[in-house]
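Below is one structure, written out as structure tokens; comments come after it.
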């Protein structure tokens, strides 16, 4: 009986070890993603878009449009990063580490060169962009008119229902955020993270990070946008990126996280 039962014990231990490894991988990826997104997004263009639009329009509509765009972008970025895992992990791990070091050095250099009121220029640029979109929306409304009176009251109810769920403001928040995020530093870092970390952890952490930043922008509006020092956030971001690159010296590529 003792001889027959001896092979069972190592299998149980291996299963526990692999489960612990998976949990650690998810937690490490989650923490990495959420911290990188926060330092990349605070004071970024997408942050200002959410802040300014929330001051003009319904906050929930702006938040829903922006979060749908950011959630979709995060999932796409994770898929792009996960696609690179067909390459041996040793290569992707050290390439991603080198990219983190480059991003970190660039952010530190940018932050040290910035003036304390650097974010105001980007804030004004976003304001001008949203104003332009508003003017286009008003022109479209004038061209289309108030509605077709001859069509009768029967068609007005479904139109109002559709506008309630997919309003022009929702579409504007979605498109502006999606286009601003495409090719942005946070998108690139999400791709890099997904290539070396647990993809589920990166997806959840990235989405939560975006939720926190966008929620803060929507609730606080211009007050937070004006008080945030883009210079300080950029310098902190550079330090965080370099810390991830430095940690690769102590973590093996095959460690599971």
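Here the Cβ of each residue, glycine as well, is placed from N, Cα and C on the backbone.
Taken from TrEMBL, the feature transmembrane segment covers 24-42 (among others).
Sequence annotations record features per position, and here TrEMBL assigns transmembrane segment to 62-84 (among others). Within its own chain, the transmembrane segment (62-84) has Cβ neighbours under 8 Å at 46, 49-50, 53-54, 92, 169-175, 177-178, 181-182, 187, 190-195, 199, 202-203, 206-207, 210-211, 214-215, 218, counting only residues six or more beyond its boundaries.
The feature transmembrane segment is assigned by TrEMBL to 90-108 (among others).
The annotation transmembrane segment is assigned in TrEMBL to 162-180 (among others).
Annotation comment: TrEMBL describes 200-220 (among others) as transmembrane segment.
Taking Cβ pairs closer than 8 Å, the transmembrane segment (232-251) reaches residues 32, 35-36, 39-40, 42-43, 93-94, 97-98, 100-101, 103-112, 114, 189, 257 in its own chain, all 6 or more past its ends. If you look up TrEMBL, you'll see 232-251 (among others) marked as transmembrane segment.
Remote same-chain residues near the transmembrane segment (90-108) are listed as 84, 185, 188-189, 192-193, 195-196, 234-235, 237-245, 248, 253-254 (criterion: CB distance under 8 Å, separation of at least six residues from the stretch ends).
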